[in-house]
Amino acid sequence: MNRATATINVTALKHNLSQIKALAPKSLAWAMIKSNGYGHGLVRVAKALSDANAFGVACIDEALTLREVGIKSPIIVMKGFYNEAELSQFARHRLGAVIHCSDQVSLLEKTNLTSSLSVWLKIDTGMNRLGFSVEQSPAVYNQLKTSSSIQKPIGLMTHLADADNENKTFTELQIKRFFSVTEKMIGPKSIVNSAGFFAYPNALVDWIRPGIILYGISPFGINYNSFKEKIEKKFRPVMTLSAKIIAIKNRRQNDSVGYGCTWSCPEDMPIAIVSIGYGDGYPRHAPSGTPVLLNGKICPLIGRVSMDMIAIDLRSQPNAQVGDDVILWGEGLPVEIIAEKAGTIAYELLCKITQRVQFIEIEK
């Protein structure tokens with residue numbers, strides 16, 4: 001079979017959650033599994049993370065998918081609801097909602113629900129995306145407190161905009177704003193994402209929201225080294241993306257390789273054609289020199305990434321054969337490195353894996 005393969009190590013996924021819980025024993029873990037479990041498979045990840053205290057998803061469709069397969073854990077929908085039909089489904093399926101705009105408050109007031117709703121009030125402390133301003137939040141909180149449609153206490157949350165930056169000034173300001181505005185509010189609090197989890201221990205409050213770190217990937221990329229050793233020691237990559245060599249060619253000096261003739265052989269040399277391309281989710285903008293792992297050794301990508309194939313330099317691997325597995329990222333080759341080479345972030349690479357890729361689960 002020549003399809004690219006994403007091998008998902010569910011044991012590593014469980015291990016990563018246990019590490020998070022051990023590092024924040026006083027907090028409950030709200031596992032972020034939005035965007036198809038960060039590309040790892042929504043249902044697969046939810047079933048593996050049964051020890052999570054709750055799940056976070058982006059939209060109601062993701063939440064309903066989990067309920068349909070029998071996931072009974074609390075689920076919080078980060079974008080909340082947008083009409084009466086959705087709101088009714090929230091109540092029917094026991095979904096928690098993030099309340100971030102006045103339209104949602106109005107819907108709550110005019111809709112008769114069959115059961116009360118668990119909600120989190122989102123306070124915008126500086127992300128300037130979703131949420132009520134610091135100035136608006138006390139009034140909205142008091143308004144929600146009077147609603148018979150809402151379970152008490154009301155959750156209180158914010159989102160950190162710059163927690164992966166070594167300059168802590170803005171994030172510390174956000175945390176200060178949040179603590180100040182919620183000082184007289186009663187309810188569970190949640191502040192940190194994966195980066196905040198490591199960098200801001202003072203913000204490890206009632207609930208933490210680990211995302212990318214669940215999948216064994218640093219939220220800091222490769223440029224922020226303060227937590228590099230800790231992350232590498234305690235967390236394991238969950239996804240390994242691999243593909244097979246489908247052809248080996250001996251090329252002459254100055255022969256060009258791939259579309260656009262952007263790379264030429266510096267000498268007579270062997271190259272391998274690997275069965276993966278941007279049609280599978282491998283980044284088209286990965287440049288020549290981007291590493292892959294073949295038989296435990298690094299080989300460089302050469303030429304442009306095609307829809308279905310890439311070419312790699314085999315000069316360091318004269319014994320490579322058709323059928324050998326090539327690791328594009330994962331165990332032995334962090335996806336953060338590939339993201340850096342391609343000028344993007346690991347999150348994007350994981351979420352762009354396409355349906356053509358075969359997913360395999362292992363326990364290792």
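Yeah, the Cβs are placed from backbone N, Cα and C, and that goes for glycine too.
Given the structure is predicted, the values throughout are model-derived calculations rather than measurements.
Copied from Swiss-Prot, the annotated features are:
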type     : residues       : note
ACT_SITE : Lys34          : active site, proton acceptor
ACT_SITE : Tyr259         : active site, proton acceptor
BINDING  : Arg129, Met307 : substrate binding site
MOD_RES  : Lys34          : N6-(pyridoxal phosphate)lysine
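In the structure as shown, the Cβ atom of Arg129 (substrate binding site) sits within 10 Å of 10 other Cβ atoms.
A distance of 17 Å separates the Cα atom of Lys34 (active site, proton acceptor) from that of Arg129 (substrate binding site).
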